[in-house]
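J.: Shown below is the structure under consideration.
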Amino acid sequence: MSLIVQKYGGSSVANADLIKNVAKRVIEGYEEGNQMIVVVSAMGDTTDHLIELMEDITDDPDPREVDMLLTTGEQVSIALLTMAIHALGYPAISLTGSQMKIKTNEKHNQAMITDIDTTRLKKELAENKIVIVAGFQGVNENQDFTTLGRGGSDTTTVAVAAAINADRCEIYSDVEGVYTADPRIVKNASKLDYISYEEMLELANLGANVLHPRAVELANTYNLKLYIASSFNKTTGTIVRGDEKMEGKKNVVGAASDLGEIKITVEKVPDEPGIAGKMFRSLADYGVNVDMIIQNLQRDELNDITFTINQEQEKLAIKVLENIRSEIRFNNYSIDRDVAKISIVGAGMQSTPGIAARMFTSLGENNINIGMITTSEIKISCLIKKDDANKALNVLHQEFKLDKIND
């Protein structure tokens, strides 16, 4: 008998028929003698619809009330899935994040899990029930509902699996696993059999909508192997695990494009010690996450500082820059929304010279101009024109022969 934690995303429970399908899949595991814990997201686009309703009411909602609203989405899906399991004659119970005692910090809308009290969970499992858990939510010390942000159900799943010391942790959605690139853009993209935590984390941060970065970080911390697969068929998925077990690391395992960034250039910043630090500290204090940075030295001891951020934080970043304009004494700023970040990822590139040269050369030979570059031990990213993103992804996929990754 194994203790299995499964997660089903919103697309997997988008309507009654799909919920019934998930119920049957869960029961299959239960029939095999396993203890089953199932984390569920809100149905389909429920969260988006709730946000639209909220925005029709106010453009400045109280964060606590936002969480009170958004947590209702998962309560609907866990209740319906539990009813579907009951209808098939099997014992099950649904638990909200509060009932599960998923404790978080005080930060509404982007809370972090601090502890999970598994007493109630173990009690229900001991009574041979299938336990259906609301993803994406928890409760703070004031007993107020909190939400974990986009992708929070992934984080809930891995946190619960770690807390209960599960034998298996399985993430099901509408994708069949982790691919070498977005198969909607690269037609010969390959599904990976295995990928390391580090590589998966980089791809997740680069916009691969398969697994949330915080979930990958948790899995890595607790050395919890993850299985990523589709809820719509029984095809083999992808295993995410530690790379110490992965012999013969590939130089590059994936390529990704991110169309969700903008480039901001702050012009004629005084070339003085600490000025850049003040600017980026102010942005960080307001929660603006800066990605790529480049500084160009101009004449008269003035610099242009260019950086990229998520496009959703544009208004906030501009607000911060206006607030610190007199302190930093910059001349002006400009915004370029016609950009995309294209990246390659692979643990093997740490020990393989020439990967960056191949990337830059292949892009150049295809008339794709590079604006900015950042690197880590297992990732190289370039900023290019948005219109070149799909072409660049295909070029890099071909250059590194990612269609033959599993050969």
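Every residue, even glycine, has its Cβ placed from backbone N, Cα and C.
I grabbed these lines from TrEMBL:
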{"type": "BINDING", "residues": "Lys7, Tyr8, Gly9, Gly10, Tyr179, Arg184", "note": "ATP binding site"}
{"type": "BINDING", "residues": "Thr47, Glu74", "note": "substrate binding site"}
{"type": "DOMAIN", "residues": "264-347", "note": "domain 'ACT'"}
J.: Near the Cβ of Thr47 (substrate binding site), how many other Cβ atoms are there if near means within 10 Å?
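T.: There are 22 such Cβ atoms around Thr47 (substrate binding site).
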J.: In whole Å, could you give the widest CA to CA gap in the ATP site formed by Lys7, Tyr8, Gly9, Gly10, Tyr179, Arg184?
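T.: Binding-site diameter by Cα atoms for ATP: 24 Å.
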J.: Do you know offhand how many angstrom separate Glu74 (substrate binding site) and Gly10 (ATP binding site) by C-alpha?
T.: 9
J.: How does the domain 'ACT' (264-347) divide up by DSSP, counting helix, then strand, then coil residues?
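T.: Output for the domain 'ACT' (264-347) reads 30 helix, 36 strand, 18 coil.
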J.: Per residue, counting other C-beta atoms within 10 angstroms of the C-beta, which of the binding-site residues Tyr8, Tyr179 reaches the highest number?
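T.: Of the binding-site residues Tyr8, Tyr179, the highest Cβ count within 10 Å belongs to Tyr8.
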J.: Taking just the CA atoms, what is the gap between Tyr179 (ATP binding site) and Thr47 (substrate binding site) in Å?
T.: 26
J.: On average, what pLDDT score does this prediction assign to the domain 'ACT' (264-347)?
T.: 93
J.: Select one residue from Lys7, Arg184: among these binding-site residues, choose the one with the most other Cβ atoms within 10 Å of its Cβ.
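T.: Max Cβ neighbours within 10 Å, all protein chains included: Lys7.
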